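Visitor: Structure below; questions to follow.
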Amino acid sequence: MRNQTFIIVGAGQAGAMAAATLRQQQFDGDIILIGKEYHAPYERPILSKDYLINPEEAPKYLFSEDFYLEKQIDLRIGQLVSQIMPSKHCVVLENGGKLRYDKLLLTMGARARRFPLLDQLGENIYTLRTLDDAQRLRQAVKKDKRILIVGGGVIGLELAATSCELGANVTVIEQADNIMGRCAPPLLQDYLLNRHQEKGVQFFLDTNIVSAQKQGSELVLILNTGEKVIGDIIIYGIGAEFRDQLAADAGLVTDGGIVIDSRCQTSEPDIFAAGDVCLQREPLTGDLQRRETWENANRQATIAAHAMMGLAPPQPGAPWFWTDQWGINIQMVGNMQAEEWHIQGDLQSDKAILFGTENEVLVGAVAINQGREMRNLRKLLANPAQVVSGVEWA
């Protein structure tokens, strides 16, 4: 493969890990890694936590500058690909330049879904997806500020905890009647809601914003309940818009994301995709699934790199992710939509394991401040046929 060129569009977690994996697997052709941001690839999980809390915290880059030089990875930051031409095996840069590829990997990720009702307020409206976003938030979140967080997902709750730790007064507004509804079982939702409320976070659940106004320096939201909430800053996280337009324009199959198979291959044989931008077909159900997690970006990057080289990909494990809120580490593995959940340990002491089962089969688990147990749980859930009939949970 010495004379081949592999191009990776998107220099985030998946893109950088794919480039590293290609070199690890002895790919000796050219690798070009193109990123829109003016930063080398960096870790995103810390942006809603340590990076905001500690003003001295530096960005955590995935690899050093020397790494890209030593591995002969051509990292091009601050560049944008404007077109893919599959029939000619080339990409067109925004400046008009063209680059030919033998294999192409798309890892463009996602952007924050916009909320025009809030955006029209102008200043002091924030989202969090990038390092630049985090740098702006770091300057805004201060002691005694009134912060309105719109969206009760993982990022919203992490920001709520972080903002409170910085001394701010925090209110969370969520359209659903629960928090973390897309990714957490009801037991965990209730547990986290209680912990946040104990720390002083105010919640408006099952609530919509019907009006948003700026009155002097204050931001005023009118809710469908008729209540009014006032803040100095609004941070919203209401989902993501996936950067699949480039692929759609090139004729690739998309469906609110780039559709890939188990090898991360798109509808074009020499084009692959990985990370948040993808929808992958589940082998058992045939359903298209998206997992917007750090672990999934790494896993798909590894699979895609192997597939691009014609190598057998590693076996995927059960999906896993984590969140840290109020000093509590919560790790989740497997299916969070299980029919039944069982508690082992004591939630009140912030140390427990939740086991999710369907038809007496273990399909998911949540470890609360039980990180040492997660390795075994991940191994256990890699085998979907573990029968748990007769297990004593308490």
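Placed from the backbone N, Cα and C atoms, the Cβ positions cover glycine too.
Since the structure is predicted, the reported quantities are computational estimates derived from the model, not experimental observations.
Pulled from Swiss-Prot, these are the listed features:
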- 5-36: FAD binding site (BINDING)
- 146-174: NAD(+) binding site (BINDING)
Visitor: Secondary structure at G29 (FAD binding site) (DSSP, helix/strand/coil)?
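Guide: DSSP call for G29 (FAD binding site): coil, neither helix nor strand.
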Visitor: List the residues of the same chain that sit at least 6 positions away from L166 (NAD(+) binding site) in sequence and have their Cβ under 8 Å from its Cβ, in sequence order, or write 'none'.
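Guide: Residues satisfying the criterion: L52, I53, V141, K142, K143.
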Visitor: Looking at the binding-site residues T5, V9, Q25, G29, whose Cα is closest in space to that of V150 (NAD(+) binding site)?
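Guide: When the Cα distances are compared, V9 comes out closest.
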Visitor: Which residue among the binding-site residues T5, Q13, T21, T162 has the fewest other Cβ atoms within 10 Å of its Cβ, if you could check?
Guide: T5
Visitor: On the three-state reduction of DSSP, what should I expect for Q13 (FAD binding site)?
Guide: helix
Visitor: Determine, using Cα-Cα distances only, which of these binding-site residues is closest to T21 (FAD binding site): R146, E158, T162.
Guide: E158
Visitor: Quick check: of the binding-site residues listed here (T5, V9, Q13, M17, G29), which one has the Cα closest to that of V170 (NAD(+) binding site)?
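Guide: Result: the closest of the binding-site residues to V170 (NAD(+) binding site) is Q13.
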Visitor: To see if you understand the setup: which same-chain residues, six or more apart in sequence, place their Cβ under 8 Å from that of Q25 (FAD binding site)?
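Guide: Counting only residues 6 or more apart in sequence, the Cβ neighbours of Q25 (FAD binding site) under 8 Å are A305, H306, M309, L311.
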Visitor: Quick one: among the binding-site residues M17, E158, which has the most Cβ atoms sitting within 10 Å of its own Cβ?
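Guide: Most Cβ neighbours within 10 Å: M17.
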Visitor: Rounded to an integer, what is the Cα-Cα distance in Å between T5 (FAD binding site) and E158 (NAD(+) binding site)?
Guide: 40
Visitor: With every protein chain in view, what's the tally of Cβ atoms within 10 Å of the Cβ of R146 (NAD(+) binding site), excluding that atom itself?
Guide: 16
Visitor: Note down the number of other Cβ atoms within 10 Å of the Cβ of V170 (NAD(+) binding site), including every protein chain shown.
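Guide: For V170 (NAD(+) binding site), the count of other Cβ atoms within 10 Å is 26.
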Visitor: Out of the binding-site residues V9, Q13, L33, give me the one sitting nearest to T162 (NAD(+) binding site) by CA distance.
Guide: Q13
